Amino acid sequence: MADSTSKKLDFQLYVITGTNYHPGRSMIDVIEQALIGGADIVQLRDKTASKQDIRENAHKLRQLTRRYGVPLIINDHIDIALEAEADGVHLGQDDLSLAEARRLLGPDRIIGISTHSIEQGLAAQAGGADYIGVGPVYPTGTKPGRAAVTTSYVQEAAEQIRIPFVAIGGITLGNVDTVIAAGASRVCAVSEIVGADDPAAVCRAFKARLHAAAPQRSEVQADDFAGTGVIVNGVAQRTTARTVWELICQHRLEDRRVVVELDGEIVVREEWSCTPIHEGAAVELVHFVGGG
Ligand SMILES: Cc1ncc(COP(=O)(O)OP(=O)(O)O)c(N)n1
Ligand SMILES: Cc1nc(C(=O)O)sc1CCOP(=O)(O)O
Ligand SMILES: [Mg+2]
């Protein structure tokens, strides 16, 4: 079955596969780098591969995303999503209808819908979408020929949409602050992440920007989740952080030199994003002030 907690849709950074952007590197390695950097949700999107190859990649990504406790969404193919036990599907305006997709997938799986105007966004929300894509915010080579909706639609979505919405299309580290300023608290990227030499570093940078804009999101998240009881540097507290990396972000230490000890064991930086925070965890966050 799909992972039971996935419907919480507690994400800030959404990464989509794009194998044409990383010739010579395996899709699984690149996406694992994105997960190490803090990507919160992964979509398998492949518009050119055979259905059999997409199916095989879906199974591989299912194993990988499970290891990181991150939801997996399949673009376009409901049958593959069901077979690979993905958490949901993403559908566009010209794909299968939302109503039919819901009938096939049932109430528990995630359905995301692409929207390109506030009318489409409100319709998807009324139709029972779990999240919507808002884009393309900027022109993008990943979806050539599609007119940009600009940050005006991001602003409208922030004002009127009550389900999670994710800004997508041409989003880079160079413009993400503008997208966030327009009202996005979730962003999605393909080329900027999977085409990077260091996808983990790019994801970390995206997460730092998203967190800086909305730190309260990580501190007070789902209404039904009071947080995990932990002891940080000797102080008992509750945290919504699911991983060491999220805890570091909540303590605003993402740009600092930090050594992390969890239950007496050092956690190396490469493992921060995939090391879960458990109830009763004793965490020491030692950061170095100044040079030398
Ligand atoms: C998160 C997200 N938003 C939008 C899309 C685009 O979906 P669609 O319009 O169906 O186009 P294709 O991706 O199928 O080319 C998406 N995949 N994900
Ligand atoms: C797949 C997709 N859908 C979009 C939409 O607006 O519906 S924009 C897009 C491509 C996003 O890729 P990049 O981050 O490389 O621009
Ligand atoms: Mg589609």
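In case you wondered, yes, glycine gets a Cβ from its N, Cα and C as well.
As recorded in TrEMBL, the features of this protein are as follows:
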- 13-193: domain 'Thiamine phosphate synthase/TenI' (DOMAIN)
- Gln43, Leu44, Arg45, Asp46, Lys47, Asn75, Ser114, Lys143: 4-amino-2-methyl-5-(diphosphooxymethyl)pyrimidine binding site (BINDING)
- Asp76, Asp95: Mg(2+) binding site (BINDING)
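Here the features listed in TrEMBL are painted onto the structure.
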residue: Gln43; record: 4-amino-2-methyl-5-(diphosphooxymethyl)pyrimidine binding site; Cβ contacts under 8 Å, 6 or more apart: Tyr14, Val15, Ile16, Thr17, Leu72, Ile73, Ile74, Asn75, His90, Cys188
residue: Leu44; record: 4-amino-2-methyl-5-(diphosphooxymethyl)pyrimidine binding site; Cβ contacts under 8 Å, 6 or more apart: Thr17, Ile54, Asn57, Ala58, Leu61, Leu72, Ile73, Ile74, Asn75, Ala86
residue: Arg45; record: 4-amino-2-methyl-5-(diphosphooxymethyl)pyrimidine binding site; Cβ contacts under 8 Å, 6 or more apart: Ile16, Thr17, Gly18, Asn75, Asp76, His90, Val190
residue: Asp46; record: 4-amino-2-methyl-5-(diphosphooxymethyl)pyrimidine binding site; Cβ contacts under 8 Å, 6 or more apart: Thr17, Thr19, Asp53, Ile54, Asn57, Asn75
residue: Lys47; record: 4-amino-2-methyl-5-(diphosphooxymethyl)pyrimidine binding site; Cβ contacts under 8 Å, 6 or more apart: none
residue: Asp95; record: Mg(2+) binding site; Cβ contacts under 8 Å, 6 or more apart: Asp76
residue: Ser114; record: 4-amino-2-methyl-5-(diphosphooxymethyl)pyrimidine binding site; Cβ contacts under 8 Å, 6 or more apart: His90, Leu91, Gly92, Gln93, Ile132, Gly133, Gly135
residue: Lys143; record: 4-amino-2-methyl-5-(diphosphooxymethyl)pyrimidine binding site; Cβ contacts under 8 Å, 6 or more apart: Pro136, Gly169
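Proximity to ligand 3 (Cβ under 6 Å from any of its atoms) holds for these binding-site residues out of Lys47, Asp76, Asp95: Asp76, Asp95. Overall, the recorded 4-amino-2-methyl-5-(diphosphooxymethyl)pyrimidine-binding residues Gln43, Leu44, Arg45, Asp46, Lys47, Asn75, Ser114, Lys143 cover a maximum inter-Cα distance of 16 Å. In the predicted model, the domain 'Thiamine phosphate synthase/TenI' (13-193) has a mean pLDDT of 97. The secondary structure of Asp76 (Mg(2+) binding site), as reduced to three states from DSSP, is coil rather than helix or strand. In the vicinity of ligand 2, defined as a Cβ distance under 6 Å, none of the binding-site residues Gln43, Asn75, Asp76, Asp95 are placed. The number of other CB atoms found within 10 A of the CB of Asp76 (Mg(2+) binding site), across every protein chain shown, is 17.
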